[in-house]
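Enquirer: From TrEMBL, here are the annotated features:
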BINDING   A:Asp34, A:Asp84, A:Asp228  Mg(2+) 3 binding site
BINDING   A:Asp34, A:Ser48, A:Asp84  Mg(2+) 4 binding site
BINDING   A:Asp50, A:Asp135  Mg(2+) 1 binding site
BINDING   A:Asp50, A:Asp84  Mg(2+) 2 binding site
BINDING   A:Asp57, A:Glu282, A:Trp333  substrate binding site
BINDING   A:Gly134, A:Asp135, A:Arg160, A:Ser230  ATP binding site
BINDING   A:Asp231  Mg(2+) 5 binding site
DOMAIN    A:32-150  domain 'PurM-like N-terminal'
Number of protein chains: 2
Amino acid sequence: MNLTVAQLSESELLARIFPRLHAGTTTLLGPGDDAAIIAAPDGRTVISIDTQVQDKDFRLLWPNGSTSSGFDVGWKAAAQNLSDINAMGAIATAMVVSLTLPSTTPVGWVEDFANGLSAAIVALGAPQCSVAGGDLSGGSELVITVAVTGSLNGLDPVLRSGAQVGDQVAVCGNMGFSAAGWALCESSIPPSAHTPAMAQAAALFARPVPPLAAGPVAAKSGATAMMDISDGLLRDAGRIAAASKVRLDFDSSMLAAQAEKLMETAVELKENPLQWVLTGGEDHSLVSTFPASQILPEGFVRIGSVVSVDAAKSAVTVDGQNFEGAEAGALGWDHFAV
Amino acid sequence: MNLTVAQLSESELLARIFPRLHAGTTTLLGPGDDAAIIAAPDGRTVISIDTQVQDKDFRLLWPNGSTSSGFDVGWKAAAQNLSDINAMGAIATAMVVSLTLPSTTPVGWVEDFANGLSAAIVALGAPQCSVAGGDLSGGSELVITVAVTGSLNGLDPVLRSGAQVGDQVAVCGNMGFSAAGWALCESSIPPSAHTPAMAQAAALFARPVPPLAAGPVAAKSGATAMMDISDGLLRDAGRIAAASKVRLDFDSSMLAAQAEKLMETAVELKENPLQWVLTGGEDHSLVSTFPASQILPEGFVRIGSVVSVDAAKSAVTVDGQNFEGAEAGALGWDHFAV
């Protein structure tokens, strides 16, 4: 029952993984050769890479007694990579996966990872995307890297640099739920004591649900700039502002409406839900800009507008004012911040 | 002088890395957005992923006093990934790179890594290949993952499964030099005491030189099967044998001719050079099969022939006999073997 990866040969372990990997419709050659071959119907391939590290990006056991199962880590690996493709306005075509595993890793954890990765691909709405190949390594801690490819299907990509003064700023997807779920994991409140709202936040932290249909729809609807919120709204909006040489001004009432959804959990943890909305990243929602006259696509909510750079103000402001006590660039996730 | 990654913000570190990354000719959108965009001129993208882990795939300091510099690790990351594309008969178009870095990692090591990665791309003959994006994470040990894409430019890929009975088996590139270099690193012979032959082996271990021109040439010359030797000739030839449902029979005199090149180093280390030739992987040379009548492309050397499966014999034989004391599957590199 406690079979570990050290007790299997590499080929035996692969034989347990391969049947669990989702086979989509875009792979011309799947796992088993030196490389895979993916369809690139419009002559372009979108590509991104993302890594999760044990005890940095997830814990196998959290302070409140929650665990990150292999399924959860696989789901999150899929979600965060699919989200990067979504944020370009593209649809995912394939993933290649590198697993660095301590020798003590249970084989069941790895099988569960493959199940979660594949389940997320289908459940999040990317069934065309195949797991096309991968690599196994030994190491002292779990490190999971996924590279993902996508197709724009003839559309122009939606970059960070296209926001225009006068545009409206909109978001699509959950805001701050993953951050609230993380705070619960780090708290002393066990999962058994979760209210329904807490359980929802915890579930969305373990298995984020990025709005994968929304990226290509936004691209077709004339989005001028777009990115996925992986490091927090303020930080990522600041990146659009910098790339587009504009300022993004948020409407505090719209932010408050988002924060209100997290109020019950925030009160319980004595946290500020607005902080989760502004700095929580791993919901992998979209922040986009659209022309002012554009009717927003379904699922997008207006949260502000694109205005001119003002030397006295930060790249992202709220009701025209610098966000109190926190510059955009200093908030959100930084992998090496001490 | 001892600036570490923990003393820089992520964007400050990226600002030091980006200018060092090679920009090839195939990237439609490079680093800086949610994803990169790569040209896929024939409507297909070849893709592979490979990982190096500190103290598994390389040591920063070896027993004989050698060091693996950032440049070396970057070079090897490029070489082993470019080789996977080469082994399909394709040319590389782009890389995305994930670095997991301990907080104590010197910034200079990371800069050196980026320099080595880019230098190898150009020096190995893949100047069209761009470093198109990446990801930075913190962790307790260095883990470097590269995913690489390639283009077949209208050719059929050369798979492992196409070897036919009667074909000749050929190799292109160095055989066992990397293994000899590894043995030197693990020995007590300091680099200062290396003979020219030892220095060559050590250099090819630190910075392998896969024959990148040879893959597409072999594909055009009718290669029926091909792979890169990353886990050792016996093990990888066994994979061609299994995928093609044939046996590969090597000529001992041809193997001995390869081993002879390593004799001086082997004598010094009291090792068997034939073992290096048969089980050493990281030269990233090519093993290919060609029709018997085909004149081998430049650089390829015949080492045997493709024969029928024989239930009494292993998948790879030497002069028609099972290789003494070592089945193909049991030799070569296994990441989890205890």
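Using N, Cα and C of the backbone, Cβ positions are placed for all residues, glycine too.
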Enquirer: Provide, as an integer number of angstrom, the distance between the C-alpha atoms of A:Ser48 (Mg(2+) 4 binding site) and A:Gly134 (ATP binding site).
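Expert: Per the Cα atoms, A:Ser48 (Mg(2+) 4 binding site) and A:Gly134 (ATP binding site) stand 15 Å apart.
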Enquirer: Tell me the Cβ neighbour count for A:Asp135 (Mg(2+) 1 binding site), meaning other Cβ atoms within 10 Å of its Cβ, over all protein chains shown.
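Expert: Summing over all protein chains shown, A:Asp135 (Mg(2+) 1 binding site) has 19 other Cβ atoms within 10 Å.
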Enquirer: Tell me, if you would, which residue among A:Ser48, A:Ser230 (binding-site residues) has the fewest other CB atoms within 10 Å in the structure shown?
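Expert: Across A:Ser48, A:Ser230, these binding-site residues, the one with fewest Cβ atoms within 10 Å is A:Ser230.
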Enquirer: Reported as an integer number of Å, what is the Cα distance between A:Gly134 (ATP binding site) and A:Asp34 (Mg(2+) 3 binding site)?
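Expert: About 10 Å separates the two Cα atoms.
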Enquirer: May I ask which residues of the same chain, at least 6 positions away in sequence, place their Cβ under 8 angstroms from the Cβ of A:Asp57 (substrate binding site)?
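Expert: Residues satisfying the criterion: A:Thr51.
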Enquirer: What does the structure give for the C-alpha distance between A:Asp50 (Mg(2+) 1 binding site) and A:Ser230 (ATP binding site)? Integer Å is fine.
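Expert: Cα to Cα, A:Asp50 (Mg(2+) 1 binding site) and A:Ser230 (ATP binding site) are separated by 11 Å.
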Enquirer: If you count Cβ atoms within 10 Å of the Cβ of A:Asp231 (Mg(2+) 5 binding site), leaving out that atom itself, what do you get?
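Expert: That number is 21.
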Enquirer: For A:Asp50 (Mg(2+) 1 binding site), what is the tally of other C-beta atoms lying within 10 angstroms of its C-beta?
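Expert: I count 24 other Cβ atoms within 10 Å of it.
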Enquirer: Which whole number is the mean pLDDT over the domain 'PurM-like N-terminal' (A:32-150)?
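Expert: That stretch averages a pLDDT of 97.
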Enquirer: By a simple count, how many Cβ atoms lie within 10 Å of the Cβ of A:Glu282 (substrate binding site), its own Cβ left out?
Expert: 25
Enquirer: Taking the residues A:Gly134, A:Asp135, A:Arg160, A:Ser230 listed for ATP, what is the greatest CA to CA distance in Å, to the nearest whole number?
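Expert: The ATP-binding residues span at most 32 Å between Cα atoms.
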Enquirer: Sort out the sequence-distant neighbours of A:Asp228 (Mg(2+) 3 binding site) for me: same chain, 6+ apart, CB within less than 8 Å of its CB, listed by position.
Expert: A:Ser83, A:Asp84, A:Asn86, A:Ala87, A:Pro210, A:Asp236, A:His284, A:Ser285, A:Leu286, A:Val287
Enquirer: Of the binding-site residues A:Asp34, A:Arg160, A:Glu282, which one sits closest to A:Asp135 (Mg(2+) 1 binding site) when you measure Cα to Cα?
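Expert: That would be A:Asp34, nearest by Cα distance.
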Enquirer: For A:Arg160 (ATP binding site), which DSSP three-state class applies?
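Expert: DSSP assigns A:Arg160 (ATP binding site) to helix.
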